[in-house]
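Asker: I have a structure I would like to understand better, so I am pasting it below and will then ask my questions one at a time.
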Amino acid sequence: MAKIVVTGGQALHGEVHISGAKNAVLPILCATLLADAPVEISNVPHLHDVITTVKLLSELGAEVTIDEGTLAKGRSMLVDPRSVTHQVAPYELVKTMRASILVLGPLLARYGTAEVSLPGGCAIGSRPVDQHIKGLQALGADISVENGYIKATSNGRLKGARYVFDMVSVTGTENVLMAAVLAEGTTVLENAAMEPEVTDLADCLIALGARIEGAGTPRIVVQGVERLGGGHHAVLPDRIETGTFLVAAAMTGGSVTVRRARPETLDAVLDKLTEAGATITTTADSITLDMQGKRPRAVSLTTAPYPAFPTDMQAQFMALNCVADGVGVINETIFENRFMHVNELLRLGADIQVEGHTAIVRGAERLSGAPVMATDLRASASLILAGLVADGDTTIDRIYHLDRGYENIEEKLGALGATIQRTA
């Protein structure tokens, strides 16, 4: 099984280009099922979850053509949904990726029927699908859960309705939003997720002919249309990848510019990096972080839905706090079981105490390289970051988690001066 070996001690310097957002491209690819003509998606990242989604679309009968493109242009995909003949998302594909549930709304709205296996993915808590089911039921769907499958049908077109989410759910908002686009009448979604990836999905749907207002706010209003046509959409840059590289620069005392970024989607993260002592400069599509010659200061944070601090950056900031000056307190309010990286960071010499959903991190003068194991996507990134500042070699096992959400991370870090390699 492949591993990544990081030799610590190098400050990162240079420029890195950010890939398309994992959490935007997956729902957007699923949204192509709503159209009755080919849809081109550009700035598509090379990720294992994207490959899985393409396999799922192909399993349903869609034709997917991939253009690898260039570094400047990025990768693009042309999805032709006109050949879709199946409305069942099988366990074999869904078990590896929770985002597979995002075909439920589009298939139901377009074909009046859908069967999707209960999802898998990272083992970081229950992440219930009830928000998806309740929202689609509000639009008139008949839904049951049998033999590990969510089975949904509708009698004719779905009907627009007002639905209030019990809790903020990003994928729940996306699934119900996609279904509402082809529903009859007006749908109002209250307590909707405000994440930039939801807004990007809405922008894609609008480009195909949908009528949506309020994406990026807690209240989204959808005027249903009878059909979506073809079109083109470029996926927004990945704010979590952006944040990960900025934290890497801050931890190593370096200076890095991230290009093809969207600074306005990262306010909470940039605020914490500034609090840690970094000097940050932004343009419309780039962020420069300068931490040369300085040790970061510990920061305390609480994860919460956007625009607050993102749970997907929690592990990276825990790694930063491991070598920062002072004590940082991290409260995780989104997912249970999202401190699984703590035991691995302890192996490197970190000083972390966990009390329920809170982790108290006391900065150490130094970490020491050791064999560690990735437990989920963002945990794997935190172990790489810790390895960048640890003495000696850190060997990270089970890096297949990493490939679900980071495109060519070892090449990108290597170009910034890190000593990092993938081994068979």
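Glycine residues also receive a Cβ, built from the backbone N, Cα and C atoms like all the rest.
Pulled these features from Swiss-Prot for this protein:
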type: ACT_SITE; residues: Cys122; note: active site, proton donor
type: BINDING; residues: Lys22, Asn23; note: phosphoenolpyruvate binding site
type: BINDING; residues: Arg98, Arg127, Pro128, Val129, Asp130, Gln131, Asp312, Ile334; note: UDP-N-acetyl-alpha-D-glucosamine binding site
type: MOD_RES; residues: Cys122; note: 2-(S-cysteinyl)pyruvic acid O-phosphothioketal
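I'd like these features described in context: how deep, what's nearby, how far apart.
Answerer: According to its DSSP assignment, Asn23 (phosphoenolpyruvate binding site) is helical. Taking all protein chains in view, 24 other C-beta atoms sit within 10 angstroms of the C-beta of Asn23 (phosphoenolpyruvate binding site).
In the three-state DSSP reading, Ile334 (UDP-N-acetyl-alpha-D-glucosamine binding site) counts as coil. Close to Ile334 (UDP-N-acetyl-alpha-D-glucosamine binding site) in the fold, though at least 6 residues off in sequence, lie Thr303, Ala304, Pro305, Thr311, each with a CB less than 8 Å from its CB.
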Asker: Does Asp312 (UDP-N-acetyl-alpha-D-glucosamine binding site) have same-chain partners at least 6 apart in sequence with Cβ under 8 Å from its own Cβ, and which are they?
Answerer: Asn23, Ile240, Arg378
Asker: For Asp130 (UDP-N-acetyl-alpha-D-glucosamine binding site), what residues in its own chain, 6 or more apart in sequence, show a Cβ-Cβ distance under 8 Å?
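Answerer: The list for Asp130 (UDP-N-acetyl-alpha-D-glucosamine binding site) reads Asp166, given in order along the sequence.
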